[in-house]
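For reference, TrEMBL has these:
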- GLY19, LEU20, ASP21, ASN22, GLY23, GLY24, LYS25, THR26, GLY65, ASN121, LYS122, GLN123, ASP124: GTP binding site (BINDING)
- THR26, THR43: Mg(2+) binding site (BINDING)
Amino acid sequence: MSLKLKSAPDREVRILLLGLDNGGKTTLLKQLASEDISHITPTQGFNIKSVQSQGFKLNVWDIGGQRKIRPYWRNYFKNTDMLVNLCHSADRKRFEETGQGLAELLDEEKLSDVPVLIFANKQDLLTAAPASEIAEGLNLHTIRDRMWQIQSCSALTGEGVQDGMTWVCKNITAKKKQ
């Protein structure tokens, strides 16, 4: 007779994936879930996937970023453990809009103290701004009420995605201990 040891269940974590339309949220979600990313259409509503990572079960909510959908974002804020915001690094014309949207999110009471990872996405494009320029454009240096990080990535190639998710898992651990 053999005994099978039960491993400890992964801790469940709720991650909200937000950002403007065409930022790469759904591509990132599919990349995290190791799914095909060749046919992605704009998200009408939301997508959710559960991903195992570093002892966590990450329930990642990808909410559509079109202007008409953004007012509904607040319906998803409750019980969020981590906010992941995507910025299209090559779309400089929308940095201001991205910054305003992020500032509004950080002002939300239901998201107070929730750590935020900003993915400077689409770094595979030649016209992509570096993360430092995006951080400045989004006024990230003014964030004082929570942990935050900006991470260069390409959801398309996967580059930088794991580094960002490692930060997420480390900072969820820190938040859960508080």
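Just so it is clear, glycine is given a Cβ too, placed from its N, Cα and C backbone atoms.
Location within the structure of each feature annotated in TrEMBL.
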residue : record              : Cβ contacts under 8 Å, 6 or more apart
GLY19   : GTP binding site    : LYS25, GLY65, ASN85, LEU86, CYS87, HIS88, THR98, GLY101
ASP21   : GTP binding site    : PRO42, GLY64, GLY65, GLN66, ARG67
GLY23   : GTP binding site    : GLY65, LEU86, CYS87, HIS88, THR98, ASN121
THR26   : Mg(2+) binding site : ILE40, THR43, ASN47, ASP62
LYS122  : GTP binding site    : GLY24, HIS88, SER89, ALA90, ALA128, SER154, ALA155, LEU156
ASP124  : GTP binding site    : SER154, LEU156, THR157, GLU159
Counting other Cβ atoms within 10 Å of each Cβ, which of the binding-site residues LYS25, THR43, GLY65 scores lowest? THR43
Where the record says GLY19, LEU20, ASP21, ASN22, GLY23, GLY24, LYS25, THR26, GLY65, ASN121, LYS122, GLN123, ASP124 bind GTP, what is the longest distance in Å from one Cα to another among those residues? 21
